[in-house]
Amino acid sequence: MSSHLDQTLAPLLAERRAAHLYRTRKTLQSPQQPEVMVDGKKYLAFCSNDYLGLANHPDVIAALQTAASYYGVGSGASHLVAGHSSEHHALEEELAAFTGRERALLFSTGYMANMGAITALVGQGDAIFEDRLNHASLLDAGLLSGARFQRFLHNDLSNLQNRLDKTAAARKLIVVDGVFSMDGDTAPLPELAAVAQKNAAWLMVDDAHGFGCLGKTGAGTCEHFGLTQNEVPILMGTLGKAAGSFGAFIAGSETLVESLIQFARPYIYTTAMPPAVAAATRASLRLIQTEHWRREQLNKLIAHFRAGAQALNLQLMESASPIQPVVIGDEASALLISQKLAERGILIIAIRPPTVAAGSSRLRITFSAQHSIVQVDQLLAALADILQEMPREVAHD
Ligand SMILES: *Cc1c(COP(=O)(O)O)cnc(C)c1O
């Protein structure tokens, strides 16, 4: 007889499956690259966040191997105990220089960086304002912080201002994604910085998808808009996406970083990332800064895809980033198209609620500098084929 635990959980799983919301994992049997092996089958994949194609780069691999032969694998302790190695330290200094901030602080993941920074900066009696399309880690952190938590309409400055007008909180924190992870569009950062300044609020930008991709040198959304530490005092970036490695950082003033070292619990109470991972990230940071062709190639692929998708009447979003979602609508159709693509050897994940709003299920198509124009044409041809087979309301609404 199954346990009380299983008897409680099983109906919830059944419910999720019936709603076409059940999530399953695929098993990758190759490196992360455009042509992957998944569950024994080869696919052309458009679903990784390895935007610059660095996750499997020989320089990055070599840096990891060399550092592992010197430092070993595990860091063995948290940063504040004895786990902070010279590779971590050098990476922090390089990240600060690259983003034009006084200091940077490494975290083991982006989820933890957001959790750590937000809960260290605001609490009971304070107020936090988040774009309603912010990443789950930012929303979770806002809720956990104990500050009065409000979500404002997506990229809507007057909605934000109305909410700011009604608060008497001493500390006011505004938090947005630089590039929104499921839509690919960009936050209006210069205007947000002005609103923050006018209202004596602090602005935090999660640049998980801008770092490496946007800006002249790849330093991200702040560089794209020319915003300094004064305008965006709390900058978060992740290292598992365009940097092709693992981990995350918060960059800002000396005082901010020292405060996080003292008060950010997900920084303090966790094992430091392996030093070799930091060394690998340093190698990818050099590639981000020197190989501008990667961003140029990405932009070519994006433009080519958008032109082709528009010719097919696909519903694109206002995105200049490597995230190019195609909105399908209902969950079942999004899943069906994703399955039909898989039958044709193309891997794209259908993103469904609760990750996106009900009725806005989508194919989250992402590009990497390793993709070719020919591969984008293969994707467009497959989409054209599949949509022709689908009922009209799905294909054109
Ligand atoms: C991926 C992501 C994170 C989490 O970063 P991890 O390093 O994967 O934990 C945070 N914010 C945004 C916007 C993301 O896309």
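All residue numbers here begin at 1 and follow the chain in the order shown.
From the backbone N, Cα and C atoms, a Cβ is placed for every residue, glycine too.
Features of the protein shown, as given by TrEMBL:
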- ARG23, HIS135, THR355: substrate binding site (BINDING)
- GLY110, TYR111, SER181, HIS209, THR238: pyridoxal 5'-phosphate binding site (BINDING)
- 42-383: domain 'Aminotransferase class I/classII large' (DOMAIN)
- LYS241: N6-(pyridoxal phosphate)lysine (MOD_RES)
Of the binding-site residues ARG23, SER181, THR355, which ones put their CB under 6 Å from ligand 1?
SER181
Same chain only, sequence gap of 6 or more: which residues have a CB within under 8 Å of the CB of SER181 (pyridoxal 5'-phosphate binding site)?
HIS135, ALA208, HIS209, ILE323
Hey, of the binding-site residues listed (THR238, THR355), which one tops the CB count within 10 A?
THR238
In this structure, which of the binding-site residues ARG23, HIS209 has the fewest other Cβ atoms within 10 Å of its Cβ?
ARG23
So if I measure Cβ to Cβ from GLY110 (pyridoxal 5'-phosphate binding site) and keep only same-chain residues at least 6 apart in sequence, which ones fall under 8 Å?
SER137, ASP206, ALA208, MET236, THR238, GLY240, ALA248
Counting distance between Cα atoms, which of the binding-site residues ARG23, TYR111, THR355 is nearest the residue listed as 'N6-(pyridoxal phosphate)lysine'?
TYR111
Chain-internal residues, separated by at least six, CB under 8 A from TYR111 (pyridoxal 5'-phosphate binding site):
SER137
Neighbour count (Cβ, 10 Å) for LYS241 (N6-(pyridoxal phosphate)lysine):
27
Going by DSSP, is GLY110 (pyridoxal 5'-phosphate binding site) part of a helix, a strand, or coil?
helix
Name the secondary structure element type, per DSSP in three states, that contains THR238 (pyridoxal 5'-phosphate binding site).
strand
Taken over the domain 'Aminotransferase class I/classII large' (42-383), the model's mean pLDDT:
97
Can you tell me how many other Cβ atoms are located within 10 Å of the Cβ belonging to HIS135 (substrate binding site)?
25
Pairwise Cα distance maximum in Å, substrate-binding residues per record: ARG23, HIS135, THR355:
18
